[in-house]
Amino acid sequence: MGTRAIVSDANILSGLESNATGVTAFSMPGWQLALWATAYLALVLVAVTGNATVIWIILAHERMRTVTNYFIINLALADLCMAAFNATFNFIYASHNIWYFGRAFCYFQNLFPITAMFVSIYSMTAIAADRYMAIVHPFQPRLSAPSTKAIIAGIWLVALALASPQCFYSTITVDEGATKCVVAWPNDNGGKMLLLYHLVVFVLIYFLPLLVMFGAYSVIGLTLWKRAVPRHQAHGANLRHLQAKKKFVKAMVLVVLTFAICWLPYHLYFILGTFQEDIYYHKFIQQVYLALFWLAMSSTMYNPIIYCCLNHRFRSGFRLAFRCCPWVTPTEEDRLELTHTPSLSRRVNRCHTKETLFMTGDMTHSEATNGQVGSPQDGEPAGPICKAQA
């Protein structure tokens, strides 16, 4: 069976020759290349530095090692690798239209982008599920550390399986003396296999998880925002606990919306290309692709900024991480925020949450007399509370 080269993430630009100039139709002026290189370099530096800092903040401070934050580590790791590998090397390939990096890295370049995207969005989905159980069903058993690690490993394995077809059909070709890294799909009567693959990828790593997260965060929002705190406790630990949960949910909703907005044009671009493949041969397509690819890759750099702006513990962590900078002055409060164990008074106050939820109609009497309440404040280690209550 014959094969034909199909445009994909690693072979988006074909090696068309210009009859007038003798150079590739996708050559660009040096000043334009310099602007794009600056934009991509800034993206990679911000994404790698920000996500590496997020990983350090969680791993270096025991108080930050929660189930939710382990999924955030997984998300940050996928984003860091996406920026360091996919954004960097694919930009060089798309801007020069020559593959410089050999056959082995061609396989990797067609395997890793889909893998990282899957890991990113399903880490967000796992966070949404964890928050849903903690807030909507606070008395159900929470994920243990081994279960969390198993889920993370499962996400990576499924992601690799989903990306494997592109890796399997990857190959190196030489066109007019220029080396290309392409995905050569089997000839399947008009590219039906390619269209099916793109649609499956779109559903599994975009539409379906976004739909699940939309439903989860809608229920979480309704649960939190209808929850009232009795007037005599309106300025106590219960109110702070509720406000912390709301702020964390807002941050994660913003993370999900950012991902959705950044990646939608990129997905639509490839789906459109399966119906009208000739668009890839227009001269302007290089600039369109570089813009859409930059927008998609930029999703890797926004999350650390969101965490820093909307979460006080991550903000303290960033101050500590960049304390060598002259304009950053961490305080003792920042250090205590990440290392200090909550005081006994705060733990006792949190014990009264059961009574508060029962008084506001958020739980039944049987729920108010058994089990634990909710989840710890964002960033605090989960642990038994109220055991001494009689």
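Counting begins at 1 with the first residue displayed.
Even glycines carry a Cβ here, placed using N, Cα and C.
Annotated features, as they stand in Swiss-Prot:
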- 366-375: compositional bias 'Polar residues' (COMPBIAS)
- Cys106-Cys181: disulfide bond (DISULFID)
- Asn19: N-linked glycosylation site (CARBOHYD)
- Cys324: S-palmitoyl cysteine (LIPID)
- 365-390: region 'Disordered' (REGION)
- 1-32: topological domain 'Extracellular' (TOPO_DOM)
- 57-69: topological domain 'Cytoplasmic' (TOPO_DOM)
- 91-107: topological domain 'Extracellular' (TOPO_DOM)
- 130-149: topological domain 'Cytoplasmic' (TOPO_DOM)
- 171-196: topological domain 'Extracellular' (TOPO_DOM)
- 219-251: topological domain 'Cytoplasmic' (TOPO_DOM)
- 273-290: topological domain 'Extracellular' (TOPO_DOM)
- 311-390: topological domain 'Cytoplasmic' (TOPO_DOM)
- 33-56: transmembrane segment (TRANSMEM)
- 70-90: transmembrane segment (TRANSMEM)
- 108-129: transmembrane segment (TRANSMEM)
- 150-170: transmembrane segment (TRANSMEM)
- 197-218: transmembrane segment (TRANSMEM)
- 252-272: transmembrane segment (TRANSMEM)
- 291-310: transmembrane segment (TRANSMEM)
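Features per Swiss-Prot, on structure.
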residue: Cys106; record: disulfide bond; CB count, 10 Å: 24
residue: Cys181; record: disulfide bond; CB count, 10 Å: 25
residue: Cys324; record: S-palmitoyl cysteine; CB count, 10 Å: 6
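Using a Cβ-Cβ cut-off under 8 Å and counting only residues 6 or more beyond its ends in the same chain, the transmembrane segment (70-90) has close neighbours at 9-10, 40, 43-44, 47-48, 51-52, 54-55, 58-59, 101, 105, 108-109, 112-113, 116-117, 119-120, 123-124, 126-127, 130, 148-149, 152, 155, 293, 297, 299-301, 303-304, 307.
Note: the Cα of Cys181 (disulfide bond) and the Cα of the residue listed as 'S-palmitoyl cysteine' are spaced 42 Å from each other.
Long-range Cβ contacts of the transmembrane segment (33-56) within its own chain (Cβ-Cβ under 8 Å, at least 6 residues beyond either end) map to 72-73, 76-77, 79-80, 82-84, 87-88, 91, 95, 290, 294, 297-298, 300-301, 303-305, 307, 314, 317-318, 321-322. Against the transmembrane segment (252-272), stretch 291-310 shows more Cβ pairs under 8 Å than any other of 108-129, 197-218, 291-310. In this structure, the CA atom of Cys106 (disulfide bond) is 39 Å away from the CA atom of Cys324 (S-palmitoyl cysteine). Under the DSSP three-state reduction, Cys181 (disulfide bond) is assigned to strand. Break the topological domain 'Extracellular' (91-107) down by DSSP state and the numbers are 12 helix, 0 strand, 5 coil.
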